[in-house]
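Annotated features in TrEMBL:
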type    : residues                       : note
BINDING : Thr127, Asp153, Asn183, Ala184 : S-adenosyl-L-methionine binding site
Amino acid sequence: MPYRRSIWRTLHYKPKRKFTFLQTSYRCFSCSLNVGQVQQNKSKDTERMTHFGFATVPESEKVLKVGAVFSSVATSYDTMNDLMSLGIHRLWKDSFVRSLNPGSRLPRHDIDNKSNGWNILDIAGGTGDIAFRMLDHATNINKDRETRVTVADINSDMLVEGEKRSLETPYYKSGRLTFMQANAESMPSIPDNSVDLYTVAFGIRNFTNKQSALVEAFRVLKPGGVFACLEFSRVSNNIFNEIYKRWSFSAIPLIGQVVAGDRASYQYLVESIENFPSQKEFRGMIQAAGFMIPGQGYENLTGGIAAIHKGVKPVLKM
C-alpha cells in the first residue's frame, strides 16, 4: 500500500516552474508627450520671471511679447508717443538733446585717442528720432560734422522704419549714421571703453533685465563717458498724478484701438510706465552699475511725467 502511494505521487508530480518576465521597452507616444510637457513646465518654473505690463511672465516670453508690441506700432511710433504724452514728447526730446550738447568739445582722458567728434550709441532708438536730433545739434549748433551715431534696436521693424526715415535727412550715407540690431543687455560687437555718450529714450522700461543693460552701458562707455536716459516716470503732485493716470488707463488704450486698431499694445505701454521704478529707485540702479551720479541724478519734466537720468563713468586716475 505504501508502495502504490509512492508510485501515484510520482506519476502526479509536476515540478514548479519559474517564470522569468523579460523587461521590454514600451514606447507610449502620449506618455512621451506628457514627459516633454513636464520637462518644459519645469524649465519654465526654473526660468526667472519678470513683468510684462501688469502680468508676470518668464523672461524669454517677455522678449517675444515686447517684440510683437513694437513690431505692431513701428509705423505709428510718433503717433503713439503723441497720444501718450499729448505731443509733449517732442519738447522733452529737444530738452534731452540740449542738456547733452552733442558735438561740443570733449575732454580727452586718454592721450592715444586722437579721433574727432563724439561716438554716440543710441539704444532702442530704431526710428532714429533721437539720433537725428543729436546730429542736427552737433552740426548746426556746434558746427561739428564728425560726431556720429549708431542706432541700436532689438526690433528689426523699428530699424527698418528708422532707415526709411533717414533717407529724408542729410545723414543718409554720410558715414555719420549707422543702424544695427542688438540686445542692450549684451552687445559683444561693441568694444569696451569705446562710446562717448550712451542714450536711451522711452526704451529702457521695456528691457527684460534693466540692471544688465545698465552694466553693459557702463562697459561700452569710455571713462568720463555719459549714460543718459529719457523715460516716463512718477508724477510728483498727487492731484496731477490722479488726472494723468485716469487719462493713461482710460483714454490711451481706447485711442490706440481707434487710431491704430491695437488696444492691447497701448494697454501694455501704459502698464509698463506704471511698473517702471521711481526716479530715486532708478537712480540707485544706475549707481549700482558703477556710475557716478551728477547732482540729484535726474531732472523731472512736466511734473515728473517724464525724467532725464544721467550717470558718468568714473575716470581712472593714473
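Quick reminder: no glycine exception, Cβ is built from N, Cα and C everywhere.
All annotation found in TrEMBL is predicted automatically rather than curated by experts.
Locations of recorded TrEMBL features on the structure.
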| residue | record | Cβ contacts under 8 Å, 6 or more apart |
| --- | --- | --- |
| Thr127 | S-adenosyl-L-methionine binding site | Ala74, Tyr77, Asp78, Met158, Glu161, Gly162, Arg165 |
| Asp153 | S-adenosyl-L-methionine binding site | Ile123, Ala124, Gly125, Gly126, Leu159, Gly162, Phe179, Gln181, Ala182 |
| Asn183 | S-adenosyl-L-methionine binding site | Ile154 |
| Ala184 | S-adenosyl-L-methionine binding site | Ile123, Ala124, Ala152, Ile154, Val200, Gly203, Ile204, Phe207, Ala213, Glu216, Ala217 |
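Across the residues the record lists as binding S-adenosyl-L-methionine (Thr127, Asp153, Asn183, Ala184), the two Cα atoms farthest apart are 16 Å from each other.
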